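All remarks here apply to the structure that follows.
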Amino acid sequence: NSSSVKEFILLGLSENQGVQKIYFVVFLLFYMLTVAGNLLIVLTVTSSRHLNSPMYFFLCHLSFVDVCYSSVIAPKMISGFLVENNTISFAGCIGQLFGLHLFGCTEIFLLTAMAYDRYVAICRPLHYPALMSRRLCGRMVGGSWAGGFLHSTLQTLPTALLPFCGPNKVAHYFCDIHPLLHLACADTRAVGLAAVATGGVIPLSCFLILLASYVVILASLRGQKAAGWHKALSTCGSHITMVILFFGPCTFVYIRPSSDLSSDRSVAVFYTLIAPMLNPLIYTLRNGEVKGAMRRLCRR
């Protein structure tokens, strides 16, 4: 790498010292809730004999990914609120970029797999055990990780090979592709277009697949009794909430060539810190089985 920049300075969410101290408390609390809530779901699902359906298998993996995803960003961001200059080494910055896209993209594919699971459960209930076999679920999770890894490599490698000769102030609270392209001492249009192509098209196309699956589910419920509607909507409701929270902001940031980095920063808070924290709440509050299993776990 012909880079002369050995470290970057992350500008964070605010330049104001007083505001930073408030952010420190708020985001530390967010991060602790994220890790505790998601690890509790992983423990509950893995230790419970009752939660052995594909839905919980996916949910367990989703929670694990959420812990990794927020851990790539939050600790560095939170410690940064307490120091004058929040520096990160060049290798650390590229590592953070890789981790962010690996776990973020894996989460997108997992949420899409979960939508397929809900579709089969509601529209093809009699064929559900045959269609959603252990083997298929394992392959879907493996495929999600492989897709995330491939996407992340395609995002990170071209960026890491760009020359950075200063300035070194990243206009963000983590190392992401758009703020880094702004700092490169080379023509970054090709890399920028590739970033939009993979970073924006993946969440957008998965979002459209998800929407289509929900349209099919709702169409299949025509003529059902109220109880059937209620059951289907309660199973899908939590998933739809999670999808909107995660995909909306994510697509907004990556689908367009970025010019306004300050709005990207505030929008990114949603999919990097708030969505992973709300995930356990959204899935457990709507789900009696998970709540029951958690109570049994706590009694033990």
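Using the three backbone atoms N, Cα and C, a Cβ is placed for every residue, glycine included.
Going by TrEMBL, these are the annotated features:
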type	residues	note
TRANSMEM	22-43	transmembrane segment
DOMAIN	37-283	domain 'G-protein coupled receptors family 1 profile'
TRANSMEM	55-74	transmembrane segment
TRANSMEM	94-116	transmembrane segment
TRANSMEM	136-154	transmembrane segment
TRANSMEM	201-221	transmembrane segment
TRANSMEM	233-255	transmembrane segment
TRANSMEM	267-285	transmembrane segment
Residues of the parent chain within Cβ reach of the transmembrane segment (55-74), under 8 Å, 6 or more residues beyond its termini: 27, 30-31, 34-35, 37-39, 41-42, 45-46, 96, 99-100, 103-104, 106-107, 110-111, 113-114, 117-118, 121, 137, 140-141, 144, 173-174, 235, 272-273, 275-277, 279-280, 283, 290
Spatial neighbours of the transmembrane segment (233-255) far in sequence, C-beta under 8 Å, 6+ residues away: 55, 104, 107-108, 111, 114-115, 118, 121-122, 178, 195-196, 199-201, 203-204, 206-207, 210, 214, 217, 264, 267-268, 270-271, 274-275, 278-279, 282-283, 285-287
Cβ-based contact of the transmembrane segment (267-285) with the transmembrane segment (22-43), 3 or more pairs under 8 Å: yes
Predicted model, mean pLDDT over the domain 'G-protein coupled receptors family 1 profile' (37-283): 87
For the transmembrane segment (201-221), distant same-chain residues with Cβ under 8 A (at least six beyond the ends): 105, 108-109, 111-112, 115-116, 118-119, 122-123, 151, 228-229, 232, 236, 240, 243, 247, 250-251, 254-255
